Amino acid sequence: MTAKHRILIVENHALLRAGLRALLASHAHFEVVGEAANGHEALQAARLLEPDLVLMDISMPGMNGIEALIDIKRRRPAPHVVVVTMHKEAEYINASLQAGAEGYLLKDSGSEELELAIRTVLQGKIYLSQEVSGQIIRGYLDGGNRQRQASVLRQLTHRERQVLKLIAEGHRNKDIAEYFSLSVKTIEKHRANLMQKLNLHNSSMLTSYAIAHGLLDE
């Protein structure tokens, strides 16, 4: 008898977790071994359950999904990861792939595509939904936009780059303020300036931007 592939579901909406579990339960070769509602639960479940594959969203309360993805892929042996999300922006796609995801699927995908993505990734290959693939191709072709992004990044002050890196690593405003011996209000101002300069709208997008542009390696 062929062993079932062990799958961990990471999604903060209970209804979506239940739907994914029911869908996967109908497949003879898949077994849902656990669920997690946020990044911290995902890390604990991945350590205890040792799944073959993790299906995860990247927008969750508490620990950012990209951060959780990075930590999950550091495990040995590392499970395969398929991101299932509503985000189709290039920043999220690039950050997820650079963090180690082998699949990227939008939440409006059908059940057949989800099954195909899982099977493809379990074979050691990459799976991207058609719309996601289009985004990546457009990104490669749009060299002018990459140059503009690099120019914007160069306009950040040294302190802003430091703050952006710490935000991407999951540190809170209070922790960052203590690290630099500054007030929380000053760090909040840095965060607001970063969002304005980079034309980003929340901390998740700041994290994705930092990862996509290699700031965590500085």
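The first residue you see is number 1, and the count goes up from there.
Glycine too: its Cβ is placed from the backbone N, Cα and C atoms.
Residues annotated as domain 'Response regulatory' in TrEMBL: 6-122. The domain 'HTH luxR-type' annotation in TrEMBL covers 149-214. Summarising the annotation, TrEMBL assigns 4-aspartylphosphate to Asp57.
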Per-residue pLDDT averaged over the domain 'HTH luxR-type' (149-214), given as an integer: 85
Tally of residues which DSSP labels helix, strand or coil - the domain 'HTH luxR-type' (149-214): 50 helix, 0 strand, 16 coil
Nonlocal residues around the residue listed as '4-aspartylphosphate', in sequence order (Cβ under 8 Å, 6 or more apart): Val10, Glu11, Asn12, Gly65, Val83, Val84, Thr85
